[in-house]
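Engineer: Handing you this structure, nothing more for now.
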Amino acid sequence: MRALAVLSVTLVMACTEAFFPFISRGKELLWGKPEESRVSSVLEESKRLVDTAMYATMQRNLKKRGILSPAQLLSFSKLPEPTSGVIARAAEIMETSIQAMKRKVNLKTQQSQHPTDALSEDLLSIIANMSGCLPYMLPPKCPNTCLANKYRPITGACNNRDHPRWGASNTALARWLPPVYEDGFSQPRGWNPGFLYNGFPLPPVREVTRHVIQVSNEVVTDDDRYSDLLMAWGQYIDHDIAFTPQSTSKAAFGGGADCQMTCENQNPCFPIQLPEEARPAAGTACLPFYRSSAACGTGDQGALFGNLSTANPRQQMNGLTSFLDASTVYGSSPALERQLRNWTSAEGLLRVHARLRDSGRAYLPFVPPRAPAACAPEPGIPGETRGPCFLAGDGRASEVPSLTALHTLWLREHNRLAAALKALNAHWSADAVYQEARKVVGALHQIITLRDYIPRILGPEAFQQYVGPYEGYDSTANPTVSNVFSTAAFRFGHATIHPLVRRLDASFQEHPDLPGLWLHQAFFSPWTLLRGGGLDPLIRGLLARPAKLQVQDQLMNEELTERLFVLSNSSTLDLASINLQRGRDHGLPGYNEWREFCGLPRLETPADLSTAIASRSVADKILDLYKHPDNIDVWLGGLAENFLPRARTGPLFACLIGKQMKALRDGDWFWWENSHVFTDAQRRELEKHSLSRVICDNTGLTRVPMDAFQVGKFPEDFESCDSITGMNLEAWRETFPQDDKCGFPESVENGDFVHCEESGRRVLVYSCRHGYELQGREQLTCTQEGWDFQPPLCKDVNECADGAHPPCHASARCRNTKGGFQCLCADPYELGDDGRTCVDSGRLPRVTWISMSLAALLIGGFAGLTSTVICRWTRTGTKSTLPISETGGGTPELRCGKHQAVGTSPQRAAAQDSEQESAGMEGRDTHRLPRAL
C-alpha cells in the first residue's frame, strides 16, 4: 500500500507539472504574450534558479553528517542573519533576471546591448519590485519622537535624518574609489584568465601566499610592546562594524554545481586555483571560494535604479551597522536582538547559558536547537561529530577562543550594569534598564577603541593627522564602513595572530592542566572554554603573552595559511589567499591607486618600492609575481609597508584606518561625547573606565595591568583590581520633581515602556513584545492632572491568519502560539535550516523504476494530447517578440509546425510559490524555497 501511495503521488505530481505549463502556453499563443508577462516569466525563472540552488544547499547541509570541512565552516561563519539573507536573495534574483534579459535582448537584436535599452521604465520598476529589491533601496521612515533621539535604533537607520541609510545594517559598503571590474559592472579582477593588467595577468593568490606571505609556525617574532589582547580587540571590533555575507547559495545558479566541487568560475563560485606542484595528494585543483552577495540595485541591476543611463557597478553589503555600537553584544536586527534578550527578567538582562556556569559567572547561551550545528562537539560524547555554537550579537563568536572570551566578557558586563542600574532606579522598566545598560556598553566600546586601541595602531602622528580631537557631530560625515577598510585595511590584524592559544594559571604561568593549543585545534570549539578552565585562563593568556609582531618576511603563519578552520584531515583553507581573492571579488583598485588617494607618492620602479618595503627580498618577490607595481593587491601592499613611528601599520593603512575611524566618530549622532547622549557627570564617569576594569568586574582575576593592551611581566607590571578606577553609576540615578503628580507608571503584560522628555514634560513610550500588537495609545504624557491616557494593552497576533504573507512555507503547517507561531511538518519530513520549510529528512521511500516508467508513460501520453489540442487552437498563433532558450537550462520547448511557443520550466508551479515574496518586512517568510512535498 505504501508503494502504491508513493506511485499515486508521483503520477499526480507528474501530470500536474506537465498539464498546466501546456495550458498556460496555449493561452499565451491564443491571445499573445504581453511585455509584462515576459518580464514576469523571466523573474519566475530567475527565482527558480536561485531558490533551487539555495534549496540544494539546504538539502546538502541537512544530509551532511560528520565533522564539517574548512570550506563548510567558512560558509557557516559567513552565514547571513535572516534579514540579510532576504536582501541577498533578492539581489541575486535581480542579478539573475537582468542577465537572462541580457541574453534575450542580445539574441533578438543580434547585437550586445543592455536590457534597459529595450524595456520601459515601468517594466524596470516591475522587475525591481517583484524581485524584492526595491524596498531596500528606499529610505526608511524615521520616527520623530523623543525616544528616537534617546536610544540608537538597533539597525542603525535614521542616525542621520538627512541620510537615513548612512551606517545602517544591510546597506552597501561605501566606495572611496570606483571599483575595477573586468566587465565594468560585476566580474572580479582575475575572473577571465586572458585579462591583462599593464600587460600582465594577475598572479594566482595562492602563489602570492606561498612565495610572499606564509611562514612556518616556528618562525614567530613576539611584539615587545603589546599584548595578545590588542590583536583580539581589533578582531572583535572589526566584527562590530563589518560583516559581508557570502552568497546565500553554495551552488551555481546556472546549473546547481556545488561550489565546493567545481574549479570553474560560475557565479557565485570564484575558486582559488592551486598550482600543480602545490596540490594535495588527492589532486584537488582549487580551494572553494564564494563571492560576496551583491547589494540590491548594483552590478547588472544598477541601471534599474536612479539614472538609467548611469552605470552602477556591483557593490557589497554590510550586514551589520557601521557604527561602534556594541552590535557584537546586541545584534544589528530586531529579530536577533529579541533572541539575545532575557524576557523573563525585570532587570533588562541578556540571555545566558541555562545550565553551565564559570565559578558562578555566566557563559554565552547556545544557538537554538533548530539552528545548524557547526561547532566541535563536547568531548567524550560517543558518536557526536558536531555541537552547537554560541549565540551572540555576531555569528562569528565561536570562531576562535579569543573572540569567544571577549563576547563572554561583555555579556557579563551588560548584565552587571543592568542589575546595578535597576538597583539604583527601581521604577525603571525592564526595557529602560536594558536600553540604558546597552547605551553604557556601547560608549565603553567607543572609548576603548578610539582612546586606547587606534592610537597604538596608527601611531601618535598619524592619529593626530587623520583622526584628531573630537569637535562635535558632523552631519556631512558619512559613517558607512568603506569597502577598502573592511576588505583590506582592517585585515592587517590577521598578520598579528599568534599560532598558539595560551592559557595561564593564577600565577600567570603555563597552566599545568591546560597546555597551549595550536590555533587549528581551537577553531569553532566552545568546549575549549567550557571544559578548559573557563574564561580566566584565556584572559590571563591574552593579558600576559605578547601579540605576534607583523614582520615583512613573517606575515602569516601556517595555522592560518594551511590549517584555517581545520577540524579534520579532509581539506584546508588559506586565510591570506581568501583575503586577496576577496579584494578581487570586490573590485578593489590596486595598491598605487590607494596610495594616490591618501596623498602618498606612487611607486613606479623597484627602487620606489624599496622605499616603502625595507626588506629587499620581499619587495623583489612581490614584483616578480605582479610584474608591475600598479597590479599589486592593496591588502598585500599595505600589509608589507614599513611601520610608521610607534605604530603597527604603514602609511597607507594608517591613512585608510584613520579616515574610517574619524567618519565613524564624527558621523555618529549617538557618539558618547555628543552633548545630548549623556550628562556631563555621566561622561566624566565613563572616561574613568577601562578594559582592565571590565576584566576585574567580570572574571576571577584580582591583578591586571593598568593598561590591558600593554604587555608586561607578572607580578611587577600588574596592579590589584582595587586600584583600577572605574565609573560610579550614581550619575545614572533618576529623580523626579517633588511636584510631579504622575508617579510611577503601570506595567503592561507582554509589553514595556521607557521614559523620555519632550518639551520639558515626562513622556512614556510603550511597546509590545514580538508577536503582540499594541491596542491603545503608544505615548502617554504627564500633565498637571496626571497621565493623559490609560496605559495600552498588548494583544497576541495570530501570524498564521496572515494569508498575504504566511509565516510558514506552503510545505509546512502553521500553528499559532502565544507571542509567536510554529511551522510543523508531517512525518517523514522535517524543518530545514530556515525553520519554515519542510524538506526531505532522508527517510522517504524511494520511487521504484516501475513507478517511474508508469509516470513517464502517463506524462508522455497526456502531454501529447494536450500539445495536439493547443496546436490546433493556435494554427494562426502570434509570434513571440522575444526569442526562447534564455536560460540555458535545457527547458523543453513546444513546437507546432512553424510556430514556436515560449517554453515553460517544469518547476513553474514551484516558482509560483515564490510570486508573493516578502519585501523584507519584519515577520515575513524569509526563505521562500521550492516545495519539498
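From the backbone N, Cα and C atoms, a Cβ is placed for every residue, glycine too.
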Engineer: For the Ca(2+) site that Swiss-Prot describes with Thr321, Phe323, Asp325, Ser327, which of these is also annotated: Asp238, Asp240, Asp258?
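Structural biologist: Given Thr321, Phe323, Asp325, Ser327 bind Ca(2+) in Swiss-Prot, the matching entry from Asp238, Asp240, Asp258 is Asp240.
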Engineer: Taking Cys721 as one end of a disulfide recorded in Swiss-Prot, give the other end from among Cys696, Cys742.
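Structural biologist: Checking Swiss-Prot, the candidate bonded to Cys721 through a disulfide is Cys696.
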Engineer: If you have Swiss-Prot open, could you say which of Cys259, Cys286 makes the disulfide with Cys269?
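Structural biologist: Among Cys259, Cys286, the cysteine that Swiss-Prot links to Cys269 by a disulfide bond is Cys259.
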Engineer: According to Swiss-Prot, which residue among Cys794, Cys823, Cys825 is joined to Cys808 by a disulfide bond?
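Structural biologist: Candidates were Cys794, Cys823, Cys825; Swiss-Prot matches Cys808 with Cys823.
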Engineer: Round to a whole number and give the Cα-to-Cα distance in Å for the pair Cys696 (disulfide bond) and His239 (active site, proton acceptor).
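Structural biologist: Distance between the two Cα atoms comes out at 24 Å.
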Engineer: Measure the Cβ-based neighbour count of Cys286 (disulfide bond), defined as the other Cβ atoms within 10 Å of its Cβ.
Structural biologist: 19
Engineer: Show, in sequence order, which residues other than Asp238, Glu399, His494 on the same chain lie with their Cβ within 8 Å of the centre of the Cβ atoms of the heme b site.
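Structural biologist: Residues close to the heme b site, other than Asp238, Glu399, His494: Gln235, His239, Arg396, Val400, Leu403, Arg491, Gly493, Ile497.
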Engineer: Across all chains shown, how many C-beta atoms besides its own are within 10 angstroms of the C-beta of Cys655 (disulfide bond)?
Structural biologist: 23
Engineer: Summarise the domain 'EGF-like' (796-839) by DSSP state, stating how many residues are helix, strand and coil.
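Structural biologist: Within the domain 'EGF-like' (796-839) the tally stands at 3 helix, 16 strand, 25 coil.
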Engineer: What is the nearest of the disulfide-bonded residues Cys158, Cys598, Cys823, Cys838 to Cys259 (disulfide bond), using the Cα of each?
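Structural biologist: Closest candidate to Cys259 (disulfide bond), judged by Cα separation, is Cys838.
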Engineer: Just how many other Cβ atoms lie inside 10 Å of the Cβ on Cys158 (disulfide bond)?
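Structural biologist: A 10 Å sphere around the Cβ of Cys158 (disulfide bond) contains 22 other Cβ atoms.
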Engineer: Average pLDDT across the topological domain 'Extracellular' (19-846)?
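Structural biologist: Looking only at the topological domain 'Extracellular' (19-846), pLDDT averages out to 87.
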Engineer: Could you find out if DSSP has Cys269 (disulfide bond) as helix, strand or coil?
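Structural biologist: Where Cys269 (disulfide bond) sits, the three-state DSSP reduction gives strand.
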